[in-house]
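Marked as substrate binding site by Swiss-Prot on the basis of sequence analysis: Asp21, Leu22, Asn23, Arg36, His59, Leu60, Gly61, Arg62, Arg113, Arg146. Among the features that Swiss-Prot reports, ATP binding site is placed at Lys197, Glu314, Gly340, Gly341, Asp342, Thr343.
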Amino acid sequence: MSVIKMTDLDLAGKRVFIRADLNVPVKDGKVTSDARIIASLPTIKHCLEAGAKVMVTSHLGRPTEGEYAEEFSLQPVVNYLNDALDCEVKLAKDYLDGLELNAGELVVLENVRFNKGEKKNEEELSKKYAALCDVFVMDAFGTAHRAQASTHGVGMHAPVACAGPLLANELEALGKAMDKPARPMVAIVGGSKVSTKLTVLESLSKIADQLVVGGGIANTFIAAAGHNVGKSLYEADLVDTAKKLMDECAIPVATDVACAKAFDENAEAEIKHVSEVQDDDMIFDLGPESTAALAEILKNAKTILWNGPVGVFEFKNFEAGTKGISEAIAASEGFSVAGGGDTLAAIDKFGIKADVSYISTGGGAFLEFVEGKVLPAVEMLEARAK
């Protein structure tokens with residue numbers, strides 16, 4: 001993947017426009033989770049220290065496009081940056097007709113979604129963004145799968161378009177896991193429905209040496225192996241698809257499961273062999289035998305790609321499968337990449353953050369990359385690198 005990297009450029013005196021992902025939760029005018037801002041700080045600091053004239057922007061929430069709404073303003077982000085950096089940070093509300101900036105100065109450009117034409121990637125708006133800068137830095141992997149004016153169009157018209165450190169690291173890590181993985185390569189796909197992850201499963205079945213399925217997805221594969229899944233969440237119309245995938249790739253099917261009679265936090269977990277599941281049972285997790293078998297597979301893996309928990313880990317009685325998988329990934333000496341909201345929640349819950357080689361910042365973008373789709377922002381950066 002050939003893109004220009006921001007860190008390879010001389011930015012002294014240059015007007016630098018950074019499209020970051022500062023879409024953080026805000027309550028009562030205060031940022032309540034600063035993970036995305038913290039992730040963007042090294043990029044901003046690098047530009048400031050290089051003596052650039054720095055502009056950074058993002059979307060925040062889902063305002064009506066083209067209309068200012070205070071609840072979606074980036075002002076709380078500006079307040080946060082003022083505390084985090086050794087320079088005064090200002091918010092620019094009207095910036096499309098130009099800005100005056102000094103070297104080493106930082107301005108946050110108000111929410112891009114307040115600008116009409118942002119989501120539709122309109123050329124007129126893209127050119128206005130591009131006219132503000134000498135260098136456009138795309139550093140928001142989380143929105144790289146959307147062709148919008150601030151993520152794609154601006155890069156087509158800016159004098160130089162490059163990948164920021166966050167985006168470059170993301171592409172490198174995902175490329176390492178997907179393009180030429182060290183083998184054996186094990187992929188874990190969890191979630192409730194095969195239908196929502198079908199393209200992910202099909203893509204990974206061609207790359208992985210072992211494809212581990214979990215959650216409601218696993219129930220469809222258990223049914224495909226000829227077992228009763230009782231009242232469990234599964235998709236009868238995709239049983240044949242599951243069989244086809246099992247013919248094409250090594251997909252270990254659970255031998256034992258944790259069941260209950262109702263979807264209830266306090267329901268007792270009954271461990272059963274898959275052949276013993278009753279018509280009124282609901283499968284909510286892997287059993288200890290299955291978890292141990294998967295842990296053994298992960299122990300020997302050289303590359304692990306993880307998307308989705310393998311059970312209802314939010315319930316104490318049904319967390320053992322996901323906990324076991326998490327601990328096996330943490331203990332593995334292989335290269336591991338994890339992504340997706342529920343996966344990140346599991347990583348936090350079981351305290352293995354430091355033991356995962358790379359944690360992806362993108363939800364939808366991560367999935368589209370894993371599906372083998374070309375991300376519009378990445379395609380633009382590749383085109384501009386030629």
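Yeah, the Cβs are placed from backbone N, Cα and C, and that goes for glycine too.
Feature annotations (Swiss-Prot) mapped to structure.
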| residue | record | contacts (Cβ under 8 Å, 6+ apart) |
| --- | --- | --- |
| Asp21 | substrate binding site | Arg36, Ala39, Ser40, Ser58, Asp139, Ala140, Phe141, Gly142, Thr143, Leu166, Thr361 |
| Asn23 | substrate binding site | Arg36, Ser58, His59, Leu60, Gly61, Gly142 |
| Arg113 | substrate binding site | His59, Leu60, Gly61, Arg62, Pro63, Glu65, Phe72, Lys119 |
| Lys197 | ATP binding site | Val189, Gly191, Ile217, Asn307, Gly308, Leu367 |
| Glu314 | ATP binding site | none |
| Gly340 | ATP binding site | Asn307, Gly308, Ser360, Gly363, Phe366, Leu367 |
| Asp342 | ATP binding site | Gly190, Gly191, Gly308, Pro309 |
| Thr343 | ATP binding site | Gly190, Trp306, Asn307, Gly308, Pro309 |
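The Cβ of Gly61 (substrate binding site) has 14 other Cβ atoms within 10 Å, all protein chains considered. Of all the binding-site residues listed here (His59, Gly341), it is Gly341 whose C-beta has the fewest other C-beta atoms within 10 angstroms.
The ATP site in the record is lined by Lys197, Glu314, Gly340, Gly341, Asp342, Thr343, and its two most distant CA atoms lie 21 Å apart.
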